[in-house]
Amino acid sequence: MSGHSSYQPSTGIERWLDTRLPIVRMMYDQFVAFPVPKNINYAYAFGAILAVFLIIQIVSGVVLAMHYVAQDTLAFASIEHIMRDVNYGWLIRYIHMNGASFFFFAVYAHTFRGMYYGSYKEPREVLWILGVIIIILMMATAFMGYVLPWGQMSFWGATVITNLFSAIPYIGDPIVTWLWGGYSVGNPTLTRFYSLHYLLPFVIVGVVMLHVWALHVTGQTNPTGVEVKSEKDTVRFTPFALTKDAVALGVCFIAFAWFVFFVPNYLGHADNYIPANPGVTPAHIVPEWYLLPFYAILRAVPDKLGGVIAMFGALVVLLFLPWLDGSKVRSAAYRPLYRIFFWLFVADCIFLGWLGAMPAEGIYPTLSQVGTVWYFAHFLVIVPALGYFEKPKPLPESISAAVLEAHSRPSLLARLINR
């Protein structure tokens, strides 16, 4: 998608800098004049939303780190100090807490959009793999951040999740001891998690830069899945795509503000407002909502090692999706059978999320096993089979042809009026 630069320095300073460090030219080419397909919809705005929320999380996290004390006897009190004594500390903390939830909601929506429109297919395999790596890094960062308040759910969540490594034969127990910094979760564990929680967002920034670089090499996908064939198929990123992203961000910020100011603890857990007590186990240990589907997969397998393999396998299988899907058609808009199974997969992920919040008793483990089998069957059986047997609809000749065809059809309102 890259071509000859259209940037023209307008001042002497810009011309001087352009001959020595053409950073303004690079920003102009990548974020102003960059060509994007003219038919992208609001589903493509989640990338911009993710970029903004990554910045919000880093800035709010750095400010919180100035007042947080990574010591097991003071961590909980330091959080209360932030809430009560630091100017606008309550606001910064609630922004950081709910920002994490919105960050994950956006990344899941971004991933589902990529699966629906085939954004993982050739030549965008590396782009997709980098995206999956970002999700894995986000989960690690979020888990470590969940431990820092040192409440009941923080302490016992850290105990349960880190204990999973003990399932690894021969080396599992030494790994757990190394993670804990001793023989139980304590102050060394907290300081290690605090250090890594501060570091990993900047690692995510680095991978995001590679992700954006890969995107700008291969170009943006679009709802038809047809590649750009001429300049008629594209528009400039600024102002066209930027305006669409701004509208989506505005709607997102309205919802975000509602959570921050009116229901800031709705997505959290009440037990985390109780100081950590190694002698009292919570009745029901659960992670944050955005990790619940994988927690359900973990608990679906009775064997401890099998559960760990299944949980990590649920992420690893995403890395191989570009090669599991053999269909020549990218977009689900032209794949009727794939579209049905895609929405069943989305429903299964939501189902697993609900099961992850339920106690591991009664019928819930059995339902988790059903949901887990369907999750892996989607990638390992259904998607490869559809690539061979599905008969897709005819593709448009170009993006421009698809846009003209869509505009030639009467709108829903017009069809209702003409009845």
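Including glycine, each Cβ sits where the backbone N, Cα and C put it.
The C-beta environment of His197 (heme b b562 binding site), restricted to residues of the same chain at least 6 apart in sequence and closer than 8 Å, consists of Gly61, Thr141, Met144, Gly145, Leu148. As annotated by Swiss-Prot, heme b b562 binding site applies to His96, His197.
Following the DSSP three-state reduction, the secondary structure of His110 (heme b b566 binding site) is helix. As annotated by Swiss-Prot, heme b b566 binding site applies to His110, His211.
Within the chain, the transmembrane segment (46-66) has long-range Cβ neighbours (under 8 A, six or more residues past its boundaries) at 82, 92-93, 95-96, 99-100, 102-103, 106-107, 109-110, 113, 145, 197-198, 201-202, 204-205, 208, 245, 248-249, 252. Sequence annotations record features per position, and here Swiss-Prot assigns transmembrane segment to 46-66 (among others).
Within its own chain, the transmembrane segment (89-109) is flanked in space by residues 43, 46, 49-50, 53-54, 56-57, 60-61, 63-64, 67, 79, 81-83, 134-135, 138, 142, 145, 252, 255-256, 259-261, 264-265, 267-268, 288-290, which lie at least six positions past its ends and keep a Cβ under 8 Å from the stretch. Per Swiss-Prot, the feature transmembrane segment maps to 89-109 (among others); the stated evidence is sequence analysis.
Under the heading transmembrane segment, Swiss-Prot lists 126-146 (among others), citing sequence analysis as support.
Look at Swiss-Prot and you will find 160-180 (among others) tagged as transmembrane segment.
According to Swiss-Prot, the transmembrane segment annotation covers 199-219 (among others), on the basis of sequence analysis. Long-range Cβ contacts of the transmembrane segment (199-219) within its own chain (Cβ-Cβ under 8 Å, at least 6 residues beyond either end) map to 1-2, 30, 34-35, 51, 54, 57-58, 61, 123-124, 126-127, 130-131, 133-134, 137-138, 140-141, 144, 227-228.
Residues 42, 45-46, 48-49, 52, 91, 94-95, 97-99, 101-102, 106, 288-289 of the same chain lie 6+ residues outside the transmembrane segment (247-267) yet bring a C-beta within less than 8 angstroms of a C-beta in it. Per Swiss-Prot, the feature transmembrane segment maps to 247-267 (among others); the stated evidence is sequence analysis.
Among the features that Swiss-Prot reports, transmembrane segment is placed at 305-325 (among others), with the record citing sequence analysis.
Taken from Swiss-Prot, the feature transmembrane segment applies to 340-360 (among others).
Annotation comment: Swiss-Prot describes 370-390 (among others) as transmembrane segment, evidence class sequence analysis.
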- Query: Around His96 (heme b b562 binding site), which residues of its chain at least 6 apart sit with Cβ under 8 Å of its Cβ?
  - Reply: Gln57, Ser60, Gly61, Leu64
- Query: Do the transmembrane segment (126-146) and the transmembrane segment (305-325) share at least 3 Cβ pairs closer than 8 Å, excluding pairs fewer than 6 residues apart in sequence?
  - Reply: yes
- With a Cβ cut-off under 8 Å, give me the same-chain residues at least six positions beyond the ends of the transmembrane segment (305-325) that come close to it. 111, 115, 118, 120-122, 124-125, 128-129, 132, 135-136, 139, 164-165, 167-169, 293-295, 297-299, 372, 375-376, 379-380, 383-384, 386-387
- Message: I need to check the long-range neighbours of the transmembrane segment (370-390): which residues 6 or more away from its ends have a CB within less than 8 Å of a CB in the stretch?
- Response: 296-297, 300-301, 310, 313-314, 317-318, 320-321, 324-327, 335-338, 341, 344-345, 348-349, 351-352, 355
